[in-house]
Amino acid sequence: MEKDVVSLEDALEHGLTKEEFQKIQEILGRIPNSTELGIFSAMWSEHCSYKNSILKLKTLPTTSDKLLAKAGEENAGAMDIGDGLAVVFKIESHNHPTAVEPYQGAATGVGGIMRDIFTMGARPIVSLNSLRFGNPDEPKNKYLLSRAVKGIGDYGNSLGIAVSGGELFIDECFSKNPLVNAMTVGIVRHDQMASATTGGQIGNSVYIVGATTGRDGIHGASFASKDLSKESESKRSAVQVGDPFMEKLLMEASLEAIQKGLLVGIQDMGAAGISCATSEMSAKGKTGMKIDLDLVPFRETGMNAYEAMLSESQERMLVVPKKGKESELVSIFEKWNLNAVKIGEVTADGMIEIYMGGKLKAKIPAESLVLGGGAPRYERETKRPSYLDAVKTWKPDEIPDVTKGANSKEILLKILSSWNVCSRKPITEQYDSEVGLVKLIGPGLDGGLSAIPGTNKALATATDCNSRYTYLDPYKGAEFAVCEAARNVYVTGATPYGVTNNLNFANPYIPENYYIFSECIRGMGDACRFLGLPVTGGNVSFYNESPEGPIFPTPTIGMVGILENKEKLIFNFPKEIGVELAVLGNFRPSLGGSEYLKKIHGQINGSIPELDIKEELELCKLILSLNESRILKSAKDLSLGGIAVALSKTVLFSGLGIESDLTSLRRNRLDLTLFGESSTAVLVGFDSLSKEDIRKQTEAYGLKFYPIGKTNSSGILEIKDAEIKISFQELSGPYEKGLEAVFAL
C-alpha cells in the first residue's frame with residue numbers, strides 16, 4: 001500500500017467537499033492515498049456520478065415493453081424494433097473540451113458516443129450533432145465553430161458512419177461556453193447484445209484492448225465538472241486526443257469478438273478511464289477486480305498509478321472474456337493490429353485492487369464508486385429566478401409591426417439570413433451522409449430517415465431544443481423540445497419510439513440554476529409520459545457558464561422513431577406542381593422568444609408559444625393516419641421563423657413556386673401571422689382531390705385545417721396578403737450565404 005496520505009486541502013483541490021472526504025474515510029476505514037483520492041474524485045465528479053441530478057432523473061419515465069436495457073444500466077439505451085432487432089442510441093456532451101480545444105474536443109465527443117454504441121454490440125449506422133455557439137462574427141466564436149465542425153466531420157467520416165441530422169443554434173450566451181452534443185444510433189440483434197459487466201465470473205481474466213495509454217485526458221471528468229474560467233485555457237491536457245482510424249479498427253474487432261460469443265462483458269474507457277471501467281463492470285457483476293498496471297501498454301514513460309488510473313486516452317476498452325476464449329480474443333485484436341493484453345482478473349471480494357511496481361496502490365470497494373451505489377446523491381436548493389416573471393410582462397404591442405407594405409419582403413430576407421434559420425449546407429457538406437447507403441432523408445431537413453440494412457424498415461432521428469424557449473419558460477420550453485422532436489420524427493412517416501437527452505445547464509449549486517434544471521426535468525418528463533415515450537438514458541452537463549454568465553438552459557432531446565415500411569416515407573417538401581398546401585393542427589403563433597423578435601427587434605422576451613400536449617398527440621396520430629392512406633405529398637414541422645420561413649424553405653428545397661393566401665391563418669398583426677412561431681402545426685401538401693378527406697379527418701381529431709395555397713412552376717413565392725413576391729434566386733442568396741463566411745477557406 002502506498003504510504004502517502006492526503007489532506008482535506010488535497011481533497012478540496014480535487015473537487016470534493018469536506019463531507020465527501022469524510023465519507024471516503026468512513027468507506028475505507030482510513031485516510032486515502034493520492035491514487036485513491038484521484039479515483040474517488042473522478043468517480044464522484046458530477047460527470048461520472050450525476051450526484052446533483054440523479055434524484056431528478058429518476059422522476060423521468062423509463063418504462064416501456066420495448067425496452068431491452070434500463071436507463072443508466074448500460075452504455076446506451078436499447079429498444080426492441082421487431083424482427084429480433086434492437087435500436088441502440090444515446091446522446092452525450094463534450095462541451096468544456098470543445099471550449100479549450102475545439103477540434104479534438106468535438107472529435108473525441110463523437111468517438112466516445114460511437115464506442116458507447118458498439119460496446120453494446122450494435123453497429124452504428126447514423127450520427128447526429130446538436131451545436132450551440134456564440135456569434136460567428138466574433139473571431140473566437142468563428143474559430144470555435146469552424147474547428148468543432150471539422151473535428152466532428154473528420155472523425156465521423158473516417159469511421160464511415162453517416163450523419164443523418166442535427167441542429168445549430170447561435171446566441172451570445174454560448175460565446176465562452178459552446179455546447180457540442182453528439183448522438184449515435186446503431187442496430188443489433190437481440191442475441192448479440194453485449195453488457196458492461198463481469199457477469200459474476202470469478203477468476204476470469206481482465207483485458208485492456210485497443211490503443212495505448214498516455215497522459216492525455218487526465219482529470220477530464222473533473223474538468224467537465226467545473227465552471228469554465230480564464231484558467232480553463234491551461235487545461236488542454238484534460239482534453240483527450242482521438243484517432244478515428246484506431247477507433248474504426250477497435251469497432252470492427254470489438255463487434256467481431258461480441259458476435260463470436262467470446263465475451264462476458266465489455267466496457268468503453270471513457271470518463272475516468274480504467275477507474276470507471278473497472279468499478280462499473282465490477283459493481284454490476286457484484287465482484288471485484290485485481291489489476292496490475294505494469295501490464296498496461298503505455299505510450300509514455302514514467303507514468304504512475306495516479307496517472308494510469310485517470311488517463312482518458314481514447315479508443316480503449318476493458319474486456320472480460322469467457323474462460324477458454326482468451327487466445328481467440330487476442331487473435332482477433334492482433335488481426336486488427338490492436339493491443340489485447342491481460343492486466344488482471346475478476347475477484348470475489350468486491351474490491352478494486354490496483355498494483356504497480358509490485359505494490360498495492362489502491363484498494364476500494366467497487367460499489368462505493370458508482371452511480372446508484374456509494375456515490376453521493378444530492379438535491380440542491382431551488383429559487384425561482386425573478387427574470388422569469390419579468391419576461392412574461394412583455395406584450396407584442398411594445399414593438400412596432402415593421403412588416404407592413406413592402407417591408408415584409410425585406411424582413412423575410414433578413415430572417416432567412418439569420419444564423420438560426422439559414423442554410424446548414426456549409427456544415428452538412430463537411431459530413432458524409434451517403435456512406436453506408438442508408439440515407440432516405442438526409443441532414444438539413446426536419447428529421448433524418450435512414451434505411452435499416454437487411455429490413456424494409458427505416459429509422460427516423462432528430463435532435464431538438466429551442467434554448468430561448470427554455471430560458472423564457474423552463475417547464476414549457478422543455479415540453480416544447482420533446483414535442484418538436486416528436487414532430488420532426490413523425491413528419492417523415494415514422495412513429496416516435498424513445499428519447500435520449502443531453503441536459504446542458506449552469507452551476508447546480510446556485511439555487512436559481514437548480515430551479516431551472518428542475519423545471520426542465522419536470523416539463524420533459526410530463527411530455528414524455530403523455531406521448532408514451534420512455535427516456536432511455538443520456539447525459540447531464542452542469543457548470544456551463546463563464547465569468548460573463550450562464551448559458552441558456554438547453555435540454556437537448558434526441559428522438560428515434562421507426563417506419564415499418566420505408567416505401568411510406570414522407571418528404572418535407574412537395575415535388576410536383578399543383579400540390580395543395582395547408583396547415584394542420586392548431587395555429588397559435590407567438591412572437592415571444594421568436595427568431596423575428598431577436599433578429600429584427602433585438603429582444604429575447606415574452607411568452608413562448610402555447611402548447612396543448614393532448615393536441616400534440618392527436619396531431620401525431622393524424623399525420624401517421626393520413627400517411628397510411630398515402631394521401632400526403634409532404635409534411636413539414638412549422639416552428640422556427642413561422643409560416644413565412646416554412647413557405648420560403650418549400651420553394652428553396654423543391655424549386656417550385658407557391659401562390660399563397662394566409663387568410664385562414666391571419667391574426668391582428670401581420671408580423672405575428674408571418675413570423676409568429678407555433679406549436680402543434682404541420683405544413684402538408686396533398687392532391688386537390690384529397691382536400692375534403694383531409695379536412696374531415698383533421699376535424700375528427702379535434703384539430704383545425706387551414707388551407708393556404710398551391711405549388712406552381714414559377715419558382716416564385718407569393719404571399720398575397722403580405723405583398724410578398726420573391727423569386728427563388730432572391731430567396732436563395734441570403735439563405736445560402738448566411739454561414740458561408742464562417743467556413744470559407
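Here the Cβ of each residue, glycine as well, is placed from N, Cα and C on the backbone.
Cβ-based neighbour count (10 Å, all protein chains) for His47 (active site) stands at 27. In the three-state DSSP classification, His47 (active site) falls within a helix. Taken from Swiss-Prot, the feature active site covers His47.
Residue environment of His94 (active site, proton acceptor) contains 32 other Cβ atoms, counted within 10 Å of its Cβ in all protein chains. Secondary structure from DSSP puts His94 (active site, proton acceptor) in coil. What Swiss-Prot records for His94 is active site, proton acceptor.
Summarising the annotation, Swiss-Prot assigns ATP binding site to Tyr50, Lys90, Asn501, Gly538.
In the structure as shown, the Cβ atom of Asn539 (Mg(2+) 1 binding site) sits within 10 Å of 24 other Cβ atoms. Secondary structure at Asn539 (Mg(2+) 1 binding site), as computed by DSSP, is strand. As annotated by Swiss-Prot, Mg(2+) 1 binding site applies to Glu92, Asn539.
Marked as substrate binding site by Swiss-Prot on the basis of sequence analysis: Ser93, His94, Asn95, His96, Arg115, Gln240, Glu312, Ser313, Gln314, Ser541.
Taken residue by residue with DSSP, Asp116 (Mg(2+) 2 binding site) is part of a helix. The Cβ of Asp116 (Mg(2+) 2 binding site) lies under 8 Å from the Cβ of Asn75, Ala76, Lys90, Glu92, Thr184, Asp268, Gly270, each of these being in the same chain and 6 or more residues away along the sequence. According to Swiss-Prot, the Mg(2+) 2 binding site annotation covers Asp116, Asp268.
Fewest Cβ neighbours within 10 Å among the binding-site residues Asn95, Gln314: this applies to Asn95. Of the chain residues outside the ATP site list Tyr50, Lys90, Asn501, Gly538, Leu57, Ala71, Ile91, Glu92, Thr500, Asn502, Leu503, Val535, Gly537, Asn539, Val540 have their Cβ within 8 Å of the site's Cβ mean position. Checked against Ser93 (substrate binding site), the recorded positions His47, Tyr50, Asn501, Asn539 differ in C-alpha distance, with Asn539 being the nearest. Tyr50 (ATP binding site) sits 9 Å from Asn539 (Mg(2+) 1 binding site), taking the Cα positions as reference.
Remark: of the binding-site residues Glu92, Asp268, Glu312, the most isolated position is Glu92 (fewest other Cβ atoms within 10 Å of its Cβ). Around the Cβ of Lys90 (ATP binding site), a 10 Å sphere holds 27 further Cβ atoms from the protein chains shown. Sequence-distant contacts of Gly538 (ATP binding site), defined by Cβ-Cβ distance under 8 angstroms and a gap of at least six in the same chain, are Lys90, Ile91, Glu92, Thr500, Asn501, Asn502, Leu503, Gly558.
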